[in-house]
Amino acid sequence: MKSLVLLLCFAQLWSCQSAPQGAGLGFRELACDDPETEHVALIAVDYLNKHLLQGFRQILNQIDKVKVWSRRPFGEVYELEIDTLETTCHALDPTPLANCSVRQQAEHAVEGDCDFHILKQDGQFRVLHAQCHSTPDSAEDVRKFCPRCPILIRFNDTNVVHTVKTALAAFNAQNNGTYFKLVEISRAQNVPFPVSTLVEFVIAATDCTGQEVTDPAKCNLLAEKQYGFCKATLIHRLGGEEVSVACKLFQTQPQPANANPAGPAPTVGQAAPVAPPAGPPESVVVGPVAVPLGLPDHRTHHDLRHAFSPVASVESASGEVLHSPKVGQPGDAGAAGPVAPLCPGRVRYFKI
């Protein structure tokens, strides 16, 4: 009798050990570094970047968790938690993600945290749920390894607003073509030595020419939007200020015949102080939706929590079908072998 009891116990123990993880719970578990998991994670990042209207494009840094749920009658749903890092490419920049550099820790990096539910059915992928938020590295941590590195400051900082207005005025003064308006302050930093302010901002072409503008408020954005991304530095000296600005204009679709073509984007060196232009417009159109600009706010970065509308965060109202990204991201090594534990996966760049 005792032998029979022992035999039954061993049989139950063997069945528990041989069952795959997640069996009986309605899901299967994959390793976070499994090629299948990484494939779906890259689809999630591609979806995120396509829905960004402000701030900077994201790149996959780490896969934290993954579960694959069966969906009746067909298909399965991937439940993912991933970490991303900010790149130096703006959300409106058409540069392929593989050519975008990851913003380094010395530049005051920003990390994103995202949850995705992605349906796979008949070989196609559809995002059912997407929710993200992002957080900059703490100033204290940045100063630990780089005491003189520039630190993120608020968009509504007096020096930031002044630097953006001065830089945009300098750009328009040197540009003999289209007059550009401010769309977004994307990033701002204080530099301790030499004392200066670094800013990155987005501009858009209007139906005015630079030499004819008397009232910027009457200048309207073109029907075929053309955006540009600018980086500027304003050095604060006792004897005055020095501003330098460089803008990259993004390619646009053919414009109407009566639109003024934009000239080449000049780089302004050490320009004399320029009278700031009129304040920014009350609202501008960014991508498919209107985004109120108003006055710069107290944020230091554009949080990913604003990337998705309430509809998109639950399910794609348009039934958008997603396809695998054609180009892998930079710095990716080959697929990792079996790991223990299954998750979290490897860190591709750095943790903050």
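The backbone N, Cα and C atoms fix where each Cβ goes, glycine too.
Bear in mind that the values here come from a model prediction, so they are computed numbers and not experimental data.
If you check Swiss-Prot, you get these features:
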type: SIGNAL; residues: 1-18; note: signal peptide
type: DOMAIN; residues: 19-133; note: domain 'Cystatin fetuin-A-type 1'
type: DISULFID; residues: Cys32-Cys343; note: disulfide bond
type: DISULFID; residues: Cys89-Cys100; note: disulfide bond
type: DISULFID; residues: Cys114-Cys132; note: disulfide bond
type: MOD_RES; residues: Ser134; note: phosphoserine
type: MOD_RES; residues: Thr135; note: phosphothreonine
type: MOD_RES; residues: Ser138; note: phosphoserine
type: DISULFID; residues: Cys146-Cys149; note: disulfide bond
type: DISULFID; residues: Cys208-Cys219; note: disulfide bond
type: DISULFID; residues: Cys230-Cys247; note: disulfide bond
type: COMPBIAS; residues: 256-273; note: compositional bias 'Low complexity'
type: REGION; residues: 256-280; note: region 'Disordered'
type: MOD_RES; residues: Ser309; note: phosphoserine
type: MOD_RES; residues: Ser313; note: phosphoserine
type: MOD_RES; residues: Ser316; note: phosphoserine
type: MOD_RES; residues: Ser318; note: phosphoserine
type: REGION; residues: 319-338; note: region 'Disordered'
type: COMPBIAS; residues: 328-338; note: compositional bias 'Low complexity'
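Locations of recorded Swiss-Prot features on the structure.
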residue: Cys89; record: disulfide bond; DSSP (3 states): strand
residue: Cys100; record: disulfide bond; DSSP (3 states): coil
residue: Cys114; record: disulfide bond; DSSP (3 states): strand
residue: Ser134; record: phosphoserine; DSSP (3 states): strand
residue: Cys146; record: disulfide bond; DSSP (3 states): coil
residue: Cys208; record: disulfide bond; DSSP (3 states): strand
residue: Cys219; record: disulfide bond; DSSP (3 states): coil
residue: Cys247; record: disulfide bond; DSSP (3 states): strand
residue: Cys343; record: disulfide bond; DSSP (3 states): coil
Suppose you look only at the domain 'Cystatin fetuin-A-type 1' (19-133); what would the mean pLDDT be?
93
List only the single closest residue to Ser138 (phosphoserine), chosen from the disulfide-bonded residues Cys32, Cys114, Cys208, Cys247, Cys343 by CA-CA distance.
Cys114
Say you check the Cα of Cys32 (disulfide bond) against those of the disulfide-bonded residues Cys89, Cys100, Cys132, Cys219; which is nearest?
Cys132
Cβ-based isolation winner (fewest other Cβ atoms within 10 Å) among the disulfide-bonded residues Cys100, Cys146:
Cys146
Taking the Cβ of Cys89 (disulfide bond) as the reference point, list residues of the same chain whose Cβ is under 8 angstroms away and which are at least six residues distant in sequence.
Phe56, Arg57, Thr95, Leu97, Asn99, Cys100, Ser101
I need the nearest neighbour of Cys146 (disulfide bond) among the disulfide-bonded residues Cys208, Cys230, Cys247, Cys343, using C-alpha distances.
Cys230
Which has the fewest other Cβ atoms within 10 Å: Cys132, Cys343, the disulfide-bonded residues listed?
Cys343
At the level of the C-alpha atoms, what whole-angstrom distance separates Cys208 (disulfide bond) and Cys247 (disulfide bond)?
18
Cα distance, Cys114 (disulfide bond) to Ser134 (phosphoserine), nearest Å?
9
On the three-state reduction of DSSP, what should I expect for Cys32 (disulfide bond)?
coil
